[in-house]
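**Q** Take this structure first; my questions come after.
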Amino acid sequence: AALQVSISLNKVELSVGESKFFICTAIGEPVRLEWFNPQGERIVASRRMALHTEASRSRLIIYNAIIEDAGIYRCQATDANGHTEEASVVLEIYQRLTFRDVQSPQEFRHGETAEVVCDVISSPVPAVVWYYQDREITEEPHSRYMVLPNNNLQIHQVTKADEGVYRCEASVEARGEIDFVDIAVVVNVPPVLSVFQQSFNATADYQESVTFTCITSGSPDPLVTWHRKSQQLEPSEQYILSRLEGGRSMLTIRNIRQSDGGTYSCRATNKAGVQERELFLKVFVQPHILQLKNVTAVEGSAAMISCLAEGEPLPEVSWRRASDGQTFMDGLRSSDSRVEVRGRHGKSELTISGVKLTDLGRFDCEALSRIGGHQKSMFLDIEYIPKFLTNHTVYFSWEGNPVNISCDVMSNPPATMLWRRERFTIPTEGTHNTRIHSAEGKSVLEVTPMSDRDFGRYNCTARNNIGVRYQEFILAQADVPSNPHSVRLSAVSQRLATVTFMTPDSHGGVPINYYLVQYREAGSLEWRDVRSHSVQTTVVLTGLEPNTTYEVRVSAVNGKGQGEFSHTESFQTLPIREPSPPAVHGQRGVGKAYRLGLVKQDDGGMPIVEYIVKYKTDKEEQWMTKLVPGAQDFAMLQPLQWNTRYEVEITARNVKGLSEPTFYQFFMPQKPDITESLFSGLGLGAVVGLGLGALLLLLVLVDVSCFFLRHCGLLMCITRTLCGKKTATGGKGKELEEGKAAYL
């Protein structure tokens, strides 16, 4: 066959950095396939150009193409006779849009002419457009913006308002290629420094502190340093450097000495510049209290408090009592003449005669001069003999019942406490029937009386270095309560009675737990018990027999036991009588029925056997009667007539007889529309407007057997379904007629 050569592609465009392969195919019997570059040189496989050759197929791969790779590539096939054929492909290399090392952010100084660099290359040369805040930057007359020939953006006298993100967008129209890069522009503003207060006064040698404050602004945030005598101050125990929000920088000078006076400077530095401000510290020797000590006095004695102060000029000293804010000056007495102040040469003495517990607390000594003032506080402590805090000295108990006798004491200094029984001291570890529980200012003696000897007087002794006090407690035997009185019976009926009574005059020394009410039929020997709920003085007796005389009595029960019974009272329950007239309320029923609710009133002492319900229309003379069992709470009247007023008479009957009648009237409305009535009965009033097809479907779903009754109409079937009457398929007879009558 004749030798033929073809390449898979004829002309290819390739961007710099891309890779591509070409397939050369030879038809015939080639013995050699070779590739030649645009310079006519045979291509030898290398790292950027790879060759994969088979018998009649060769693939040339060019990796990471460069501009110099452009040109015509030839594939040449040679057969055994030395005959050659070739095919060629044209490779065009172009430079894609490329942003080269574009920096973001780019920083500039406030007020200078900024040049925002956007280095972009492509072949052919790209067109560059700049955007700021989604708007294209155009060169208008007197505009501070200008796009330079090198595609950079120039901003004349840049300000902080120019800060933001700028978009450099490049495009090559010939290829429809477009790309962009966002560049953040940062404008650095030189520091601006201000101070609220430039001059400060301070007092030397008294561990005082002064804080200088500088407020700085700028961008970026300035670095603030503090200087004195051309030396930068570093943090130390004396110098505290701190920075707060809002550009506040502070220098705190601690333990001020006289040598700390002079000029200090606050220096703010950032990329855009430096600013410095001076502050001045003037150090004075102001009043200072050298000596003021806490004092302890005994209640009723005198207390003397001394305050020594110095300063230049010599200060005046005054006192203030913290408890009430009262001030005491030199040479003046208090309103009660107990407090007096005398002072001279910076020393002041405050004397309190007849010290009271109300004098306890803090006193402030204040030294003042025209330079300033100084204040210190002391505490006046009052020692006093123990004081008992409780007047509860009588306790009740009984044999075997433990009781806690509490002795509460207030004293300064704290008192030691012990218990005595007659002439003997009860040991702290207790005895066989006593235990002692102690806490600060409190001692509890737990006594479990075992016999009459354990009742009587117990003594609590409290002692401190000021004195000793005693308090006597009595442990008395508890007794059962006295009898309740004024027993009364109220709300007596056939089977119920309410018992009320007054509490006993004495509860026996311990609280009453409950009341026991006993009752019995007159002549009976057996009492029945009813306990009160807690200590309520009202008890309801239930399950009584009608027309029966009863006796009732009441006693109180406490922890010691049950007290005596009250005087016995008699009462008689009411005899059985006819029931009270029942209360009624009406409710419209379904179809031609009316539901009459029956509310049972007083049954007269015996259950209601039945209700006799008579009803008739207002135009008839003859009554219809319906008997309703007494346990039932309603009567269903049916069938009734449409558009008719009815009168009803209801009487309740028990074994004793009939109640008075209750009269009631109601009105039956007009006969409703048949379709509305049917669906209203089903609870489907919203579907009255359904078509015949939907109605038949509903009929099938409700009752299939009824659907096939050929002798009854559609209306009959629906009526039967609503009335709950179901007949097997093809059924005839009485049930259908009953369903029809119930509706009509």
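Placed from the backbone N, Cα and C atoms, the Cβ positions cover glycine too.
Pulled the feature table from TrEMBL, pasting it below:
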type: DOMAIN; residues: 3-90; note: domain 'Ig-like'
type: DOMAIN; residues: 95-179; note: domain 'Ig-like'
type: DOMAIN; residues: 191-282; note: domain 'Ig-like'
type: DOMAIN; residues: 287-381; note: domain 'Ig-like'
type: DOMAIN; residues: 386-476; note: domain 'Ig-like'
type: DOMAIN; residues: 480-576; note: domain 'Fibronectin type-III'
type: DOMAIN; residues: 578-673; note: domain 'Fibronectin type-III'
type: TRANSMEM; residues: 678-701; note: transmembrane segment
**Q** Looking only at the recorded stretches 191-282, 287-381, 386-476, 480-576, 578-673, which one has the largest tally of CB-CB distances under 8 Å to the domain 'Ig-like' (95-179)?
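**A** Between the stretches 191-282, 287-381, 386-476, 480-576, 578-673, 191-282 has the largest tally.
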**Q** Please list the DSSP helix, strand and coil residue counts for the domain 'Ig-like' (191-282).
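**A** In the domain 'Ig-like' (191-282), the DSSP-based counts are 3 helix, 59 strand, 30 coil.
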**Q** If I take every residue in the domain 'Ig-like' (386-476) and average their pLDDT values, what number comes out?
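**A** The average pLDDT of the model in the domain 'Ig-like' (386-476) works out to 93.
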**Q** Under DSSP, the domain 'Ig-like' (386-476) has how many residues in helix, strand and coil?
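**A** Secondary-structure breakdown of the domain 'Ig-like' (386-476): 3 helix, 55 strand, 33 coil.
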**Q** Could you break down the residues of the domain 'Fibronectin type-III' (480-576) into DSSP helix, strand and coil, giving a count for each?
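**A** Going by DSSP assignments, the domain 'Fibronectin type-III' (480-576) contains 0 helix, 45 strand, 52 coil.
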**Q** Over the span of the domain 'Ig-like' (3-90), count residues by DSSP class, listing helix, strand and coil in order.
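**A** DSSP classes over the domain 'Ig-like' (3-90) add up to 3 helix, 52 strand, 33 coil.
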